[in-house]
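Enquirer: Marked as signal peptide by TrEMBL: 1-16. Positions annotated as domain 'Peptidase A1' by TrEMBL: 68-417. If you look up TrEMBL, you'll see Asp86, Asp310 marked as active site. Feature annotation from TrEMBL assigns disulfide bond to Cys99-Cys138.
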Amino acid sequence: MKTFIFILTLFTLIDAITFKHSLYKIESKKKRLMKTGEWPMYLKKKELNLRNFKSVKQTVKDYDDMEYLANITIGTPPQTFVIIPDTGSSNLWIPDITCGQGPSPKCPYYCSDTDICKIICDPSCCNINIKYPKDSNCDGKNKFNSANSSTYVKNGQPFTIQYGSGNAKGFLGTDTVTFVGDINNLEVPKTTFGQAQKISPDFAGTPIDGILGLAFKSIAVDGITPPIINAINQNLLDQPMFTVYLQHKGLESISGESGGVFTYGAFDKDNCYSQIDYYTLSSATYWQFKINGFSIGEKSIIRSYSAISDTGTSLIAGPPTAVDMLARVVGATYNIYYGAFMIDCNASFPDAIVKINKKNYIIPKRYLIDEVSADVCMFGMFGMDMGGYGPQWILGDPFIESYCQVYDIGNKRIGFALSRSTK
(Lines of atoms letter the chains of each structure in order from A and count residues from 1; the text may use other names and numbers.)
(Lines give C-alpha, C1' and ligand atoms only; values in the text may rest on other atoms or scores of the structure.)
Protein backbone atom coordinates (compact mmCIF):
# COMPACT_ATOMS: atom_id res chain seq x y z
CA MET A 1 0.00 0.00 0.00
CA LYS A 2 1.81 3.00 -1.09
CA THR A 3 3.44 4.59 -4.17
CA PHE A 4 6.76 5.30 -5.24
CA ILE A 5 8.97 7.70 -3.69
CA PHE A 6 10.77 7.25 -0.55
CA ILE A 7 11.72 9.19 2.44
CA LEU A 8 14.63 9.56 4.78
CA THR A 9 14.41 11.14 8.20
CA LEU A 10 16.50 13.27 10.57
CA PHE A 11 15.57 13.99 14.20
CA THR A 12 15.87 17.21 16.16
CA LEU A 13 15.21 17.52 19.87
CA ILE A 14 12.41 20.03 20.53
CA ASP A 15 12.52 19.84 24.32
CA ALA A 16 13.66 17.31 26.89
CA ILE A 17 11.30 14.56 25.76
CA THR A 18 9.82 15.73 22.46
CA PHE A 19 11.55 14.85 19.20
CA LYS A 20 11.12 16.15 15.67
CA HIS A 21 12.56 14.86 12.40
CA SER A 22 12.47 16.08 8.81
CA LEU A 23 11.43 13.86 5.89
CA TYR A 24 12.94 13.69 2.40
CA LYS A 25 11.60 12.07 -0.75
CA ILE A 26 13.37 9.83 -3.21
CA GLU A 27 12.01 7.95 -6.20
CA SER A 28 10.46 4.55 -5.49
CA LYS A 29 11.08 1.16 -6.96
CA LYS A 30 7.69 1.09 -8.69
CA LYS A 31 8.15 4.40 -10.43
CA ARG A 32 11.68 3.50 -11.49
CA LEU A 33 10.53 0.18 -13.00
CA MET A 34 7.61 1.88 -14.75
CA LYS A 35 10.05 4.27 -16.41
CA THR A 36 12.31 1.46 -17.61
CA GLY A 37 9.43 -0.75 -18.81
CA GLU A 38 10.27 -3.52 -16.31
CA TRP A 39 7.21 -3.03 -14.12
CA PRO A 40 4.74 -5.31 -16.02
CA MET A 41 6.97 -8.39 -15.71
CA TYR A 42 7.73 -7.61 -12.08
CA LEU A 43 4.00 -7.18 -11.41
CA LYS A 44 3.20 -10.58 -12.95
CA LYS A 45 5.72 -12.25 -10.64
CA LYS A 46 4.19 -10.52 -7.63
CA GLU A 47 0.68 -11.62 -8.59
CA LEU A 48 1.84 -15.20 -8.99
CA ASN A 49 3.42 -15.13 -5.54
CA LEU A 50 0.28 -13.63 -4.03
CA ARG A 51 -1.85 -16.54 -5.28
CA ASN A 52 0.39 -18.95 -3.42
CA PHE A 53 -0.10 -17.36 0.01
CA LYS A 54 -2.16 -19.45 2.44
CA SER A 55 -2.55 -16.76 5.08
CA VAL A 56 -1.86 -13.10 5.64
CA LYS A 57 -0.79 -11.81 9.06
CA GLN A 58 -0.86 -8.12 8.18
CA THR A 59 -3.15 -6.06 6.02
CA VAL A 60 -1.98 -6.25 2.40
CA LYS A 61 1.05 -4.01 1.95
CA ASP A 62 3.01 -3.12 -1.17
CA TYR A 63 6.28 -1.45 -0.27
CA ASP A 64 7.23 -0.98 -3.93
CA ASP A 65 5.24 2.25 -3.69
CA MET A 66 6.73 3.50 -0.44
CA GLU A 67 7.44 7.22 -0.27
CA TYR A 68 9.04 7.83 3.09
CA LEU A 69 12.20 6.45 4.66
CA ALA A 70 13.76 7.03 8.07
CA ASN A 71 17.16 6.52 9.65
CA ILE A 72 17.57 4.48 12.84
CA THR A 73 20.43 2.70 14.58
CA ILE A 74 20.42 -0.51 16.60
CA GLY A 75 22.97 -1.64 19.16
CA THR A 76 26.03 -0.26 20.98
CA PRO A 77 28.01 1.04 19.19
CA PRO A 78 25.23 1.99 16.75
CA GLN A 79 24.64 0.15 13.47
CA THR A 80 22.68 2.23 10.93
CA PHE A 81 19.56 1.15 8.97
CA VAL A 82 17.17 2.81 6.52
CA ILE A 83 13.58 1.87 7.38
CA ILE A 84 10.00 2.68 6.41
CA PRO A 85 8.05 4.44 9.21
CA ASP A 86 4.71 2.69 8.82
CA THR A 87 1.52 3.39 10.82
CA GLY A 88 -0.09 0.43 8.99
CA SER A 89 1.98 -2.23 10.79
CA SER A 90 3.51 -2.81 14.23
CA ASN A 91 6.80 -4.70 13.95
CA LEU A 92 10.38 -3.52 13.56
CA TRP A 93 12.69 -5.75 11.55
CA ILE A 94 15.98 -5.37 9.70
CA PRO A 95 18.31 -7.81 7.84
CA ASP A 96 20.59 -9.95 9.97
CA ILE A 97 24.25 -10.54 9.18
CA THR A 98 23.31 -14.14 8.22
CA CYS A 99 21.05 -12.90 5.41
CA GLY A 100 22.81 -13.06 2.04
CA GLN A 101 26.52 -13.00 1.36
CA GLY A 102 28.62 -11.48 4.11
CA PRO A 103 28.58 -8.15 5.98
CA SER A 104 27.06 -4.83 4.97
CA PRO A 105 28.92 -3.06 2.15
CA LYS A 106 30.34 0.41 2.74
CA CYS A 107 28.56 1.60 -0.40
CA PRO A 108 25.21 -0.18 -1.01
CA TYR A 109 24.31 -0.50 -4.69
CA TYR A 110 21.51 2.08 -4.48
CA CYS A 111 24.17 4.74 -3.82
CA SER A 112 24.88 4.64 -7.56
CA ASP A 113 21.70 6.74 -7.93
CA THR A 114 22.89 10.34 -7.52
CA ASP A 115 19.69 11.63 -5.91
CA ILE A 116 19.52 8.78 -3.39
CA CYS A 117 23.23 9.02 -2.62
CA LYS A 118 23.01 12.70 -1.69
CA ILE A 119 20.40 11.91 0.97
CA ILE A 120 21.28 8.48 2.35
CA CYS A 121 24.84 7.46 1.49
CA ASP A 122 28.36 8.37 2.55
CA PRO A 123 29.62 11.14 0.22
CA SER A 124 32.50 8.91 -0.88
CA CYS A 125 29.96 6.48 -2.39
CA CYS A 126 28.49 9.00 -4.83
CA ASN A 127 29.44 9.05 -8.52
CA ILE A 128 31.21 5.68 -8.45
CA ASN A 129 30.35 2.43 -10.23
CA ILE A 130 28.61 -0.02 -7.87
CA LYS A 131 27.59 -3.47 -9.06
CA TYR A 132 24.01 -4.65 -8.47
CA PRO A 133 23.96 -7.60 -6.01
CA LYS A 134 22.46 -10.76 -7.50
CA ASP A 135 23.14 -13.49 -4.96
CA SER A 136 20.48 -12.58 -2.37
CA ASN A 137 17.67 -10.11 -1.75
CA CYS A 138 19.63 -9.04 1.36
CA ASP A 139 22.89 -8.31 -0.43
CA GLY A 140 23.69 -4.63 -0.75
CA LYS A 141 21.68 -3.81 2.38
CA ASN A 142 22.77 -2.81 5.86
CA LYS A 143 22.80 -5.89 8.13
CA PHE A 144 22.76 -6.23 11.89
CA ASN A 145 25.67 -8.02 13.56
CA SER A 146 24.72 -8.83 17.15
CA ALA A 147 28.31 -9.85 17.95
CA ASN A 148 29.31 -6.20 17.60
CA SER A 149 26.76 -4.86 20.11
CA SER A 150 27.45 -4.81 23.85
CA THR A 151 23.76 -4.19 24.66
CA TYR A 152 22.32 -7.06 22.59
CA VAL A 153 20.23 -9.73 24.36
CA LYS A 154 19.58 -12.97 22.53
CA ASN A 155 15.97 -14.10 22.14
CA GLY A 156 16.12 -16.64 19.34
CA GLN A 157 12.37 -17.09 18.88
CA PRO A 158 11.51 -17.69 15.19
CA PHE A 159 10.08 -14.64 13.42
CA THR A 160 7.92 -14.55 10.26
CA ILE A 161 5.93 -11.59 8.97
CA GLN A 162 3.81 -11.52 5.82
CA TYR A 163 2.85 -8.31 4.00
CA GLY A 164 0.61 -9.67 1.25
CA SER A 165 3.17 -10.18 -1.51
CA GLY A 166 6.26 -9.51 0.62
CA ASN A 167 7.71 -11.21 3.67
CA ALA A 168 10.61 -11.47 6.09
CA LYS A 169 11.76 -14.49 8.10
CA GLY A 170 14.33 -14.93 10.82
CA PHE A 171 14.45 -14.67 14.61
CA LEU A 172 13.89 -12.12 17.38
CA GLY A 173 16.48 -10.17 19.35
CA THR A 174 16.50 -7.29 21.85
CA ASP A 175 18.72 -4.21 21.85
CA THR A 176 18.72 -0.41 22.03
CA VAL A 177 16.93 1.19 19.06
CA THR A 178 17.83 4.82 18.37
CA PHE A 179 15.97 7.33 16.23
CA VAL A 180 18.89 9.33 14.84
CA GLY A 181 18.75 13.11 14.77
CA ASP A 182 20.94 15.81 13.34
CA ILE A 183 21.38 17.23 16.86
CA ASN A 184 20.02 14.75 19.44
CA ASN A 185 18.81 11.15 19.45
CA LEU A 186 15.85 9.28 20.92
CA GLU A 187 17.20 6.06 22.44
CA VAL A 188 14.74 3.26 23.27
CA PRO A 189 16.50 0.53 25.30
CA LYS A 190 15.33 -3.08 25.50
CA THR A 191 13.43 -3.06 22.21
CA THR A 192 12.58 -6.39 20.59
CA PHE A 193 12.90 -6.57 16.81
CA GLY A 194 13.09 -9.07 13.99
CA GLN A 195 16.45 -10.12 12.56
CA ALA A 196 15.61 -11.28 9.03
CA GLN A 197 17.62 -14.15 7.55
CA LYS A 198 15.45 -14.15 4.42
CA ILE A 199 13.47 -11.35 2.75
CA SER A 200 11.30 -11.47 -0.37
CA PRO A 201 12.28 -9.91 -3.74
CA ASP A 202 9.93 -6.99 -3.03
CA PHE A 203 12.63 -5.45 -0.86
CA ALA A 204 15.43 -5.95 -3.40
CA GLY A 205 16.39 -3.05 -5.65
CA THR A 206 15.45 -0.39 -3.08
CA PRO A 207 17.29 1.50 -0.32
CA ILE A 208 14.90 -0.06 2.21
CA ASP A 209 16.60 -2.18 4.89
CA GLY A 210 13.49 -2.88 6.96
CA ILE A 211 10.17 -1.71 8.42
CA LEU A 212 9.39 0.32 11.54
CA GLY A 213 5.78 -0.36 12.54
CA LEU A 214 3.97 2.46 14.39
CA ALA A 215 0.57 0.83 15.01
CA PHE A 216 -0.59 -0.99 18.16
CA LYS A 217 0.81 -4.04 19.91
CA SER A 218 -2.43 -5.94 19.30
CA ILE A 219 -1.48 -6.59 15.65
CA ALA A 220 2.24 -7.09 16.21
CA VAL A 221 3.46 -10.47 15.03
CA ASP A 222 4.59 -12.58 18.01
CA GLY A 223 3.02 -10.02 20.36
CA ILE A 224 6.17 -7.89 20.63
CA THR A 225 5.96 -4.32 21.92
CA PRO A 226 6.43 -1.79 19.05
CA PRO A 227 9.33 0.66 19.59
CA ILE A 228 7.07 3.72 19.92
CA ILE A 229 4.95 1.95 22.57
CA ASN A 230 8.14 0.85 24.31
CA ALA A 231 9.34 4.48 24.37
CA ILE A 232 6.04 5.56 25.96
CA ASN A 233 6.17 2.75 28.53
CA GLN A 234 9.64 3.98 29.55
CA ASN A 235 8.43 7.60 29.84
CA LEU A 236 10.79 8.77 27.10
CA LEU A 237 8.23 11.12 25.49
CA ASP A 238 6.46 14.18 26.89
CA GLN A 239 3.06 12.90 25.73
CA PRO A 240 1.98 9.44 24.48
CA MET A 241 1.42 10.65 20.92
CA PHE A 242 3.05 11.65 17.66
CA THR A 243 2.12 13.96 14.79
CA VAL A 244 2.76 13.42 11.08
CA TYR A 245 2.98 16.32 8.63
CA LEU A 246 3.63 15.59 4.95
CA GLN A 247 4.19 18.40 2.50
CA HIS A 248 2.81 17.70 -0.95
CA LYS A 249 5.66 17.83 -3.42
CA GLY A 250 6.34 16.32 -6.81
CA LEU A 251 9.64 15.14 -8.23
CA GLU A 252 11.23 18.42 -7.14
CA SER A 253 11.72 16.92 -3.68
CA ILE A 254 14.13 14.30 -5.01
CA SER A 255 16.86 16.93 -4.69
CA GLY A 256 16.74 16.41 -0.92
CA GLU A 257 14.36 19.25 -0.08
CA SER A 258 12.34 18.62 3.07
CA GLY A 259 9.09 16.77 2.44
CA GLY A 260 7.55 16.70 5.90
CA VAL A 261 8.02 16.15 9.62
CA PHE A 262 7.34 13.44 12.20
CA THR A 263 6.99 14.89 15.71
CA TYR A 264 7.17 12.43 18.61
CA GLY A 265 5.71 13.38 21.98
CA ALA A 266 3.85 16.55 20.91
CA PHE A 267 1.53 18.24 18.44
CA ASP A 268 3.34 19.93 15.53
CA LYS A 269 2.32 23.59 15.92
CA ASP A 270 4.77 24.77 13.28
CA ASN A 271 3.24 22.89 10.35
CA CYS A 272 -0.34 22.26 11.47
CA TYR A 273 -3.21 24.61 12.32
CA SER A 274 -4.30 24.47 15.98
CA GLN A 275 -7.86 23.17 15.40
CA ILE A 276 -7.78 19.37 15.88
CA ASP A 277 -10.80 17.14 15.25
CA TYR A 278 -10.46 13.97 17.31
CA TYR A 279 -12.20 10.66 16.63
CA THR A 280 -12.19 7.62 18.86
CA LEU A 281 -10.60 4.62 17.19
CA SER A 282 -13.07 1.94 16.19
CA SER A 283 -10.28 -0.58 16.64
CA ALA A 284 -6.96 0.04 18.41
CA THR A 285 -5.13 -2.32 16.10
CA TYR A 286 -4.32 -0.27 13.03
CA TRP A 287 -5.12 3.44 13.33
CA GLN A 288 -8.70 2.55 12.41
CA PHE A 289 -11.81 4.75 12.54
CA LYS A 290 -15.17 5.18 10.82
CA ILE A 291 -15.85 7.29 7.75
CA ASN A 292 -19.31 8.06 6.38
CA GLY A 293 -18.64 8.46 2.70
CA PHE A 294 -16.36 9.52 -0.14
CA SER A 295 -17.22 11.79 -3.04
CA ILE A 296 -15.83 13.59 -6.07
CA GLY A 297 -18.11 16.19 -7.62
CA GLU A 298 -21.69 14.98 -7.85
CA LYS A 299 -20.74 11.32 -7.48
CA SER A 300 -21.02 10.29 -3.83
CA ILE A 301 -20.69 7.02 -1.97
CA ILE A 302 -22.62 7.46 1.27
CA ARG A 303 -22.34 4.63 3.77
CA SER A 304 -20.36 3.71 6.88
CA TYR A 305 -16.91 2.24 6.26
CA SER A 306 -13.93 1.31 8.38
CA ALA A 307 -10.79 3.20 7.37
CA ILE A 308 -7.19 3.53 8.52
CA SER A 309 -4.61 6.31 8.39
CA ASP A 310 -1.50 4.75 6.86
CA THR A 311 1.85 6.50 6.32
CA GLY A 312 2.97 3.35 4.55
CA THR A 313 0.57 3.91 1.64
CA SER A 314 1.15 6.67 -0.87
CA LEU A 315 -2.27 6.34 -2.54
CA ILE A 316 -5.83 5.92 -1.29
CA ALA A 317 -7.23 2.40 -1.42
CA GLY A 318 -10.90 1.49 -1.33
CA PRO A 319 -13.47 -1.10 -2.42
CA PRO A 320 -12.94 -1.88 -6.15
CA THR A 321 -16.48 -0.94 -7.21
CA ALA A 322 -16.27 2.41 -5.39
CA VAL A 323 -12.83 3.25 -6.80
CA ASP A 324 -13.91 2.25 -10.32
CA MET A 325 -16.83 4.66 -10.11
CA LEU A 326 -14.70 7.54 -8.82
CA ALA A 327 -12.05 6.85 -11.46
CA ARG A 328 -14.66 7.24 -14.19
CA VAL A 329 -15.69 10.59 -12.73
CA VAL A 330 -12.17 12.00 -13.14
CA GLY A 331 -11.58 10.35 -16.52
CA ALA A 332 -9.02 7.81 -15.29
CA THR A 333 -8.79 4.43 -17.02
CA TYR A 334 -7.34 1.19 -15.76
CA ASN A 335 -4.13 0.19 -17.55
CA ILE A 336 -3.40 -3.54 -17.40
CA TYR A 337 0.19 -2.92 -18.47
CA TYR A 338 0.86 -0.77 -15.39
CA GLY A 339 -1.70 -2.39 -13.09
CA ALA A 340 -3.01 1.07 -12.15
CA PHE A 341 -5.51 3.78 -13.08
CA MET A 342 -3.82 6.22 -15.44
CA ILE A 343 -4.97 9.81 -15.85
CA ASP A 344 -4.19 12.86 -17.97
CA CYS A 345 -1.52 14.84 -16.11
CA ASN A 346 -3.56 18.01 -16.80
CA ALA A 347 -6.95 16.53 -15.91
CA SER A 348 -9.48 18.88 -14.33
CA PHE A 349 -12.02 17.58 -11.81
CA PRO A 350 -13.49 18.61 -8.44
CA ASP A 351 -11.65 18.08 -5.19
CA ALA A 352 -12.34 14.81 -3.37
CA ILE A 353 -14.23 14.79 -0.07
CA VAL A 354 -13.98 12.29 2.78
CA LYS A 355 -16.92 12.55 5.18
CA ILE A 356 -16.10 11.72 8.80
CA ASN A 357 -18.94 12.01 11.27
CA LYS A 358 -20.64 15.23 10.07
CA LYS A 359 -17.54 16.97 8.72
CA ASN A 360 -16.19 17.08 5.16
CA TYR A 361 -12.42 16.71 4.70
CA ILE A 362 -11.21 18.03 1.36
CA ILE A 363 -8.40 16.38 -0.61
CA PRO A 364 -7.21 18.80 -3.32
CA LYS A 365 -7.45 17.31 -6.79
CA ARG A 366 -3.75 17.92 -7.48
CA TYR A 367 -2.94 15.48 -4.66
CA LEU A 368 -4.72 12.75 -6.65
CA ILE A 369 -2.59 13.10 -9.78
CA ASP A 370 0.68 11.24 -9.25
CA GLU A 371 3.37 11.98 -11.81
CA VAL A 372 5.45 9.07 -13.09
CA SER A 373 7.20 11.09 -15.79
CA ALA A 374 6.60 14.29 -17.74
CA ASP A 375 3.53 12.98 -19.59
CA VAL A 376 2.58 9.85 -17.62
CA CYS A 377 0.44 10.17 -14.48
CA MET A 378 -1.50 7.83 -12.22
CA PHE A 379 -4.77 8.46 -10.42
CA GLY A 380 -4.15 8.58 -6.67
CA MET A 381 -6.57 5.76 -5.84
CA PHE A 382 -6.64 2.02 -6.35
CA GLY A 383 -9.12 -0.76 -5.67
CA MET A 384 -8.39 -3.29 -2.96
CA ASP A 385 -10.67 -6.16 -1.97
CA MET A 386 -9.85 -7.03 1.62
CA GLY A 387 -12.12 -10.08 1.53
CA GLY A 388 -13.72 -9.19 4.85
CA TYR A 389 -10.30 -8.83 6.54
CA GLY A 390 -9.12 -5.49 7.83
CA PRO A 391 -10.29 -1.97 6.91
CA GLN A 392 -12.31 -1.11 3.79
CA TRP A 393 -10.51 2.16 3.03
CA ILE A 394 -6.84 3.03 3.45
CA LEU A 395 -6.20 6.77 3.61
CA GLY A 396 -2.60 7.23 2.50
CA ASP A 397 -0.48 10.18 1.47
CA PRO A 398 -3.09 12.28 -0.42
CA PHE A 399 -5.17 12.49 2.77
CA ILE A 400 -2.18 12.82 5.12
CA GLU A 401 -0.72 15.61 2.95
CA SER A 402 -4.04 17.47 3.29
CA TYR A 403 -4.40 17.04 7.05
CA CYS A 404 -1.81 16.54 9.76
CA GLN A 405 -2.43 13.23 11.51
CA VAL A 406 -2.34 13.25 15.31
CA TYR A 407 -1.80 9.71 16.55
CA ASP A 408 -2.93 9.83 20.19
CA ILE A 409 -1.77 6.50 21.60
CA GLY A 410 -2.68 7.28 25.20
CA ASN A 411 -6.34 8.06 24.47
CA LYS A 412 -6.71 5.61 21.56
CA ARG A 413 -7.96 8.29 19.21
CA ILE A 414 -6.85 9.96 16.01
CA GLY A 415 -6.96 13.65 15.22
CA PHE A 416 -6.90 15.69 12.01
CA ALA A 417 -5.64 19.25 11.72
CA LEU A 418 -5.43 21.21 8.48
CA SER A 419 -1.88 21.27 7.14
CA ARG A 420 -0.41 24.77 6.81
CA SER A 421 0.84 23.83 3.34
CA THR A 422 -2.64 22.88 2.05
CA LYS A 423 -4.07 25.68 -0.09
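A Cβ is built for glycine as well, from the same backbone N, Cα and C atoms used for every other residue.
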Enquirer: On the 0 to 100 pLDDT scale, where does the domain 'Peptidase A1' (68-417) sit on average?
Expert: 90
Enquirer: Suppose we draw a 10 Å sphere around the Cβ of Cys138 (disulfide bond). How many other Cβ atoms does it contain, all chains included?
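Expert: Result for Cys138 (disulfide bond): 26 other Cβ atoms within 10 Å.
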Enquirer: Please give me the recorded positions out of Cys99, Cys138, Asp310 that lie within 10 Å of Asp86 (active site), comparing Cα atoms only.
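Expert: Final answer, ordered: Asp310.
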Enquirer: Using a 10 Å cut-off on CB atoms, tell me which of the active-site residues Asp86, Asp310 is the least crowded.
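Expert: Per-residue Cβ counts within 10 Å for the active-site residues Asp86, Asp310 bottom out at Asp86.
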Enquirer: Validating a neighbour-count step here. Other CB atoms within 10 A of the CB of Cys99 (disulfide bond): how many?
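Expert: Around Cys99 (disulfide bond), other Cβ atoms within 10 Å: 22.
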Enquirer: According to DSSP, which of helix, strand or coil covers Cys138 (disulfide bond)?
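Expert: Where Cys138 (disulfide bond) sits, the three-state DSSP reduction gives coil.
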Enquirer: What does the structure give for the C-alpha distance between Cys99 (disulfide bond) and Asp310 (active site)? Integer Å is fine.
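Expert: Roughly 29 Å, rounded to the nearest whole number.
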Enquirer: Can you tell me how far the Cα of Cys138 (disulfide bond) sits from the Cα of Asp310 (active site), in Å?
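Expert: For Cys138 (disulfide bond) versus Asp310 (active site), the Cα atoms are 26 Å apart.
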